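> Okay, handing you the structure first.
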Amino acid sequence: MASSISNSVHSSGVTFRFSSLYVSPNTVVSRNHVVLKTRSPAPRLSFSPLPQGKRKSTASAEFSLKDLRFSGLLRMRGSVDFPVVAAASADANSADDREIEISDAYAKTSKSFGERFPALVTGFFFFMWYFLNVIFNILNKKVYNYFPYPYFVSVVHLLVGAAYCILSWGIGLPKRAPIDKEFLLLLTPVAFCHALGHVMSNVSFAAVAVSFTHTVKALEPFFNAAASQFVLGHQIPLSLWLSLAPVVIGVSMASLTELSFNWTGFISAMISNIAFTYRSIYSKKAMTGMDSTNVYAYTTIIALLFCIPPAILIEGPQLMQYGLKEAIAKMGLYKFLSDLFLIGMFYHLYNQLATNTLERVAPLTHAVGNVLKRVFVIGFSIVVFGNKISTQTGIGTAIAIAGVAIYSLIKANMEDKKGVRH
């Protein structure tokens, strides 16, 4: 890289002339008039002033390359982009090192698509979160219609997710965060509650309509509030308790007239609510600097270890005798295995996307997003499976969802105010 003096360049009372700047053997920037302005002293590129009587000299100006460093793209108008913004001083004898600013060109750091269009990217995250969630619930229920083994299917969900995480670590996307014994002990109860809640959700999905399971699971905020007040000792405002009344009333109305109702589906959904409530409590205790992607990956792997023993004990004998044979005979080996793989992938991806999406938005948007997700799942499941629901069930479901929305909005506003005070 070299430079020679020919065209006029002004720098704080000192005049230089540059004819061209050779960035690489193949990249030549056309001649252009640029003005160099000085800022506060900084260890940046500087030139030793030429004597006043020699301003028109055509002697060459040279500077060292060993300290040159690039930090962006310089675009000359009507010319090409090349990496150059700042360089360290090359004149060891200069007493006044100065940073230069180029006014007839501009330094520009390239931005990613997400930085330029954050709202568009967030909207895409929400869309994919809802889309994958709906597809998972539909395919999951279709599998249960011919293969009613929720403990085994729960293991498949987590097994596919664990394999995906390990493969992602293998290629460095993301880079695996190291885990020590202390963090493993903190994460174990989180993973246990995750495993229990996941299995019980699947037991409910297999036993009753998807829409009814999600209606019962709308009670989860009630259990969260109860645990916060009676387990953690946090004072829950009266307004928050009152907002939960429609949720309880709505779920009760929907349960009384639900055509697919059975106690196995109802009780397992309630256990799932309790398990996920305690998962939330233990997750707060396990808060560390580790990113959410790695935390979810470790949680998935540990939860898988918890799910395998009950699946073997409860469903193992039936699966070996006739469960697997009947499913393969009915659907074919390829269809059966592909269905299991797909629901496992959709389960992991929608949970991972949910985590990534909620990190990008405010608590209020988070709350609204969760409510709308449940509405989407209930609505699509009714349409796809043609589930018949009574008028009372429909009204009860609507009341429960409205109650969840009110609760979520009040809680999000409380968290925002708490953040402002801190």
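Heads up, the Cβ atoms here are built off N, Cα and C, so glycines get one too.
Small disclaimer: the values here were computed from a predicted structure and weren't measured.
According to TrEMBL, the protein has these features:
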TRANSMEM  117-139  transmembrane segment
DOMAIN    121-408  domain 'Sugar phosphate transporter'
TRANSMEM  151-171  transmembrane segment
TRANSMEM  183-200  transmembrane segment
TRANSMEM  238-257  transmembrane segment
TRANSMEM  263-282  transmembrane segment
TRANSMEM  294-313  transmembrane segment
TRANSMEM  333-350  transmembrane segment
TRANSMEM  371-389  transmembrane segment
TRANSMEM  395-414  transmembrane segment
> Cβ under 8 Å to the transmembrane segment (151-171), counting only same-chain residues 6 or more beyond its ends: which ones?
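For the transmembrane segment (151-171), the sequence-distant neighbours (Cβ-Cβ under 8 Å, at least 6 residues beyond its ends) are 140, 143-144, 195, 198-199, 202-203, 206, 297, 300-301, 303-304, 307-308, 310-311, 314-315, 319, 323, 340-341, 343-345, 347-348, 351.
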> Among the recorded stretches 117-139, 183-200, 294-313, 395-414, which has the greatest number of Cβ pairs closer than 8 Å to the transmembrane segment (238-257)?
395-414
> Looking only at residues six or more beyond either end of the transmembrane segment (117-139), which have a C-beta under 8 A from one in the stretch?
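The answer is 205, 210, 339, 342-343, 346-347, 349-350, 353-354, 356-357, 360-361, 369, 372-373, 376-377, 380-381, 384-385.
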